[in-house]
Amino acid sequence: MKEASIANIYRLDGRVPLGAAIPFGLQHVLAMFVANLTPIVIIAGAAGFDKPMTAMLVQNAMFVAGIATLVQLYPLWRVGARLPIVMGVSFTFVTAICFVAANFGYGAVVGAVLVGGVFEGTLGLLAKYWRRFISPIVSSIVVTTIGFSLLGIGIRSFGGGYNDGYGSWENLFLGTVTLVTCLLFSSFAKGHYKQMAVLVGLIVGYIVACALGKVDLSAAFAGNVFALPAFLPVAPEFNLGAIISVGIIFLVSAAETIGDTTAMAVVGLKRDIKEREISGSLACDGFCSSVASLFGCSPITSFSQNVGLIAMTKVVNRFAIMTGAVAMIIAGMFPPIGAFFASLPDAVLGGCTIMMFGSIMVSGIQMMSRLQMTQRNVTIAALSFSLGIGTTTASENAIWHVFPQVVQDVFSGNCVAVVYVVAILLDTFLPANMEVEQEKDEEEVLEPAIDHH
């Protein structure tokens, strides 16, 4: 066996002394800790779950995120990329799952994620046959729309969530303190510590909330200190509308995963991505999401902020990051940790997430800005945003009532799904040379006029 060396932290493989590996692994856990658990808390709130149920789902989310990260680092068969990718509960699905939970119940969420995960996992194994259909313009439009769809959810939490105290001065004060803390830390912290801005904001907001008497820690001190994650806390139900609605978002998530995996190879390893790595990463996303559903969790995906952390620290060693994955698994076996996070006031959570959600939208805009905005791309973006956002946010949502019920279930409250479908259709069927044809038409009009003179 090769001797462990601290120099290996900058290499994909090789042992690192455990004392050095653990801090680097925990750094990745801290960078994504809030973002990993926030979607579950938001979805649990939309589903009407009480604090103990929310705490149990948070505990399960930590556990499955750690398992999925291990699979990405050390693949099982063709499932996993063998890259330093950290996995967590995805924000991409929040809007769609909140819609499904509110309309069909949480059992339909579990069933839809179970089926959708198998769907994405299978697509991952066959990625080389379809990856070319997801173009950069489609990916950028979808990411922008995801950010847009989350803004209302962030503001809802900022104001106090789904309760009678929504919009009270107390909640607005808590949310503002948390948001300002995140902003100040992000602005003035140095290097990779900027990645901890959300965590610092959460801690400060939590302390202020405790001082205001807004925190109930009774659940954290009740029950067992150690417990295995609950298997099948909610039985799956299979609703066609819910499955299609969530299945479309799995396609969206696949596009994001391709981007994250590619960025990891380029930024972290200074080389091009391999087809095998993309296929394995997508398969891990999908099949691990199905496993997550069996623990009552929403889908699992790769985390972009950890790609950013690797870009800053250059630490790509799989063994080092594995220690962080093991830490998540261990944390998922201690219910008080989940109960502690579930006790977070909605306003504190909102103060943390507003900036994160806005950043997602801006990331999509940045992706678009790096593309050549040809007439074709402008047309795809303009029509996708207009139809997708317009038909799902206008007060006259009854525009969908003429369609079959399953179509209404999928699209009426899901702007990401509409935008994705419109963008894919336009990108597939619009002519590739729209501007060339336009110039040709102008020349044909001008030539007779020149001859006449």
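Cβ atoms here come from the backbone N, Cα and C positions, even for glycine.
Look at TrEMBL and you will find 21-47, 53-71, 83-102, 108-130, 137-159, 171-189, 196-222, 319-341, 347-365, 377-399, 411-430 tagged as transmembrane segment.
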Among 83-102, 137-159, 196-222, 319-341, 347-365, which stretch has the highest count of C-beta pairs below 8 Å with the transmembrane segment (171-189)? 196-222
In terms of Cβ proximity under 8 Å, which residues at least six beyond the ends of the transmembrane segment (196-222) contact it? 30-31, 33-35, 51-52, 55, 170, 174-175, 177-179, 181-183, 185-186, 189, 336, 339-340, 342-345, 347-349, 351-352, 355-356
When only pairs 6 or more apart in sequence are counted, do the transmembrane segment (377-399) and the transmembrane segment (137-159) reach 3 or more Cβ pairs under 8 Å? yes
Contact call for the transmembrane segment (319-341) against the transmembrane segment (53-71), three or more Cβ pairs under 8 Å: yes
Should the transmembrane segment (411-430) and the transmembrane segment (108-130) be scored as in contact, given a threshold of at least 3 Cβ pairs under 8 Å and pairs 6 or more apart? no
If I count Cβ-Cβ pairs under 8 A between the transmembrane segment (83-102) and each of 21-47, 108-130, 137-159, 347-365, which range comes out on top? 21-47
Using a Cβ-Cβ cut-off of under 8 Å, list the residues of the same chain that are 6+ residues beyond the ends of the transmembrane segment (347-365) and lie near it. 34-35, 38, 41-42, 91, 140-148, 150-151, 153-161, 170-172, 174-179, 181-183, 186, 197-198, 201-202, 205-206, 209, 214, 304
Long-range Cβ contacts under 8 Å made by the transmembrane segment (21-47), restricted to residues 6 or more beyond its ends, are 9, 53-54, 57-58, 61-62, 65, 86, 88-91, 93-94, 97-98, 101-102, 106, 109, 153, 157, 161-162, 192, 195-196, 198-199, 202, 297-298, 303, 305-306, 309, 313, 315, 317, 319-328, 341-342, 344, 346, 349, 352-353, 356
Sort out the residues at least 6 away from either end of the transmembrane segment (53-71), same chain, that have Cβ-Cβ distances under 8 Å to it, and list them. 36-37, 40-41, 44-45, 79-80, 85-89, 219-220, 227, 229-230, 233, 284, 288, 291-292, 295-297, 300, 321-322, 324-335, 337-339, 341-343
